[in-house]
Amino acid sequence: GLYTYSDPLTLEEKTILSTANDAVVRITKISVYVYVCGGVGIFLKGMNKEKMRKLSLPNIGWFPFAINSLPRYAIGCLCQAIMGINAISIAIGTFMSFAVFMIHYEAQFKLLRTHLRRAFPKNVPFRIAQNDKYKE
């Protein structure tokens, strides 16, 4: 289940969390464009009519069969397209995981800073800050 906080979130804490969530949504939308452009770009970079006439695949690679007919060429192109999509997926997934974790870590550090700021008021000695008056 979900963790229930004993104290309700303040407006500042809600703002920090919603800002982090908005940044994650924004970077996720951008990654979809990168995914499509990267996948299409990897496969289409080597496609031209001259290579297609020679039955030369768009990317360098090895297959366990000779590419000497149109059906085998189509299978080779399909395999290379799948490999390109896998490579782009892994690259974007790795980057997105790192970026999203860093955004959430930043939000958690901001929350910690606000809690510490409330726990230790400015210009108030520590022994006085522990009184019931400052604990609210």
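Backbone N, Cα and C atoms are what each Cβ position is placed from, and that goes for glycine too.
Per TrEMBL, transmembrane segment is recorded for 23-44, 81-103.
Residues 20, 23-24, 27-28, 31, 34-35, 38-39, 42-43, 59, 61 of the same chain lie 6 or more positions beyond the ends of the transmembrane segment (81-103) yet place their CB under 8 Å from a CB of it. Only residues 6 or more beyond the boundaries of the transmembrane segment (23-44), in the same chain, are considered here, and those with a CB under 8 A from a CB of the stretch are 58-59, 80-81, 84-85, 87-89, 91-92, 95-96, 99-100, 103-104.
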